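*Asks:* Here's a structure for you.
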């Protein structure tokens with residue numbers, strides 16, 4: 001599979017969160033030496049190649065061509081054909097060319113007068129006749145992040161490297177561009193935005209957690225440009241000796257295999273949940289940088305998970321073992337329940353409009369709508385012909401569900417009530433679709449990543465059938481996460497409504 005334009009995971013950042021002028025990293029010589037030494041040490045541990053690189057040399061043909069071009073022209077000898085270019089005296093007289101050198105410059109007298117009206121400006125900004133901005137000015141404006149800008153962070157797998165791309169999206173100005181990127185050490189599989197700052201002053205930040213093909217979770221600061229290492233990491237790589245033993249169980253240090261999905265607890269901000277190919281879910285205490293709990297309910301790779309939007313203790317996860325698990329994280333071993341399905345679980349998501357309900361998608365193309373208090377699904381939807389890798393409810397429009405699949409299609413559904421209906425279907429021309437996400441501030445704006453064509457943003461409200469189905473539907477905006485709660489599958493401490501119309 002060609003990896004030249006693959007986007008494997010995507011996440012949005014709300015308007016007004018990012019720093020207006022991001023900081024730029026300036027490394028000292030000592031820091032550069034330290035980073036180089038650490039990189040060499042990692043390469044040696046992983047059995048990297050030699051440090052020697054082949055250097056190219058100019059070819060003989062190229063050198064010969066350069067010599068030919070640099071050789072001076074030889075003077076013409078008598079009798080050469082080019083001597084015919086010399087004009088005789090009669091021709092000079094006919095055109096008065098023999099007196100050409102005697103004539104004065106007609107513009108010489110008026111040159112000084114013409115300069116009298118010339119105005120010189122210190123810069124193009126001061127010149128009223130220069131209306132086009134220079135490139136540097138455009139770059140300065142693009143570097144600033146406005147309060148109305150959303151950020152979109154996606155993991156990209158290039159042919160020879162992997163990185164995070166940070167895009168700026170502004171619907172009002174119709175702008176969408178790459179702001180900066182971050183070089184990654186491993187293939188990215190999941191991204192999750194969070195604002196928890198591990199510093200003691202309990203401030204908020206603008207961070208992105210990245211799960212990859214290694215057991216280590218990297219957390220990067222999105223307000224810093226040109227950073228070469230994450231702010232902090234969770235977990236550690238296994239040594240070669242431990243790998244040879246073939247142990248699959250999770251240790252106190254963290255996962256032992258790739259991290260497939262991440263979910264941040266918005267109510268208890270120092271908690272991050274991770275799903276891994278080692279069959280476990282780990283709850284991380286980011287203030288300590290260590291696992292707080294390890295959940296080993298599944299018997300195969302855990303591919304997806306999500307915290308409840310209003311209940312800090314409630315978590316769901318989906319696995320290759322064709323099951324979904326619901327946990328009460330206060331006592332996960334004792335308080336959990338399971339649902340079994342026909343296929344491997346690809347995605348799970350809570351319905352933030354109906355907090356007792358959640359959705360699950362499978363690798364055989366089905367979507368299930370479930371009540372956490374019941375064993376039977378509310379409805380089963382045969383949505384696609386292949387695995388469903390994107391499962392996203394609109395951030396503000398009740399009943400609007402968007403699914404993305406390996407069958408290359410994105411489909412928009414109205415799931416209000418017990419009978420879902422297809423509103424629109426589109427081949428995105430992106431090959432296999434890997435991920436999707438709805439903008440938290442704009443309910444009809446979705447981002448998609450796939451096998452090719454990079455990151456794509458689609459305003460689904462431009463489709464007439466979408467406008468007919470959802471255009472007049474009431475928008476419900478989520479209230480503050482700190483003040484909002486609602487009765488859910490494990491009860492709640494508050495009766496405040498989580499929605500504001």
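Note that Cβ sites are derived from N, Cα and C of the backbone, with glycine treated the same way.
Here Swiss-Prot flags 77-89 as compositional bias 'Acidic residues'. The annotation phosphothreonine is assigned in Swiss-Prot to 21, 55, 86 on the grounds of a large-scale study or a structure entry. Under the heading phosphoserine, Swiss-Prot lists 50, 57, 59, 485, 494. The repeat 'WD 1' annotation in Swiss-Prot covers 116-171. The annotation repeat 'WD 2' is assigned in Swiss-Prot to 177-222. The repeat 'WD 3' feature in Swiss-Prot is assigned to 247-286. As annotated by Swiss-Prot, repeat 'WD 4' applies to 290-329. Sequence annotations record features per position, and here Swiss-Prot assigns repeat 'WD 5' to 334-372. Among the features that Swiss-Prot reports, repeat 'WD 6' is placed at 376-415. Positions annotated as repeat 'WD 7' by Swiss-Prot: 421-460.
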*Asks:* Under 8 Å Cβ-Cβ from residue 21 (phosphothreonine), six or more apart in the same chain: what's there?
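*Replies:* Non-local contacts for residue 21 (phosphothreonine): 143, 144, 145.
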*Asks:* For the repeat 'WD 7' (421-460), what are the DSSP-based totals of helix, strand and coil residues?
*Replies:* 1 helix, 24 strand, 15 coil
*Asks:* Looking at 247-286, 334-372, 376-415, which one has the highest count of Cβ pairs under 8 angstroms to the repeat 'WD 2' (177-222)?
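*Replies:* Of the candidates 247-286, 334-372, 376-415, 247-286 scores highest.
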*Asks:* Six or more residues beyond either end and a Cβ under 8 Å away: which residues meet both conditions relative to the repeat 'WD 6' (376-415)?
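*Replies:* For the repeat 'WD 6' (376-415), the list is 343-344, 346-349, 351-353, 357, 359-370, 421-444, 446, 448, 450, 458, 460, 463, 466, 469-470, 473-478.
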*Asks:* For the repeat 'WD 5' (334-372), how many residues does DSSP put in helix, in strand and in coil?
*Replies:* 0 helix, 23 strand, 16 coil
*Asks:* Give me the DSSP three-state residue breakdown of the repeat 'WD 3' (247-286), ordered helix, strand, coil.
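*Replies:* The repeat 'WD 3' (247-286) comes out at 0 helix, 19 strand, 21 coil.
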*Asks:* Per DSSP, what is the helix/strand/coil residue tally across the repeat 'WD 2' (177-222)?
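*Replies:* Residue counts in helix, strand and coil order: 0 helix, 31 strand, 15 coil.
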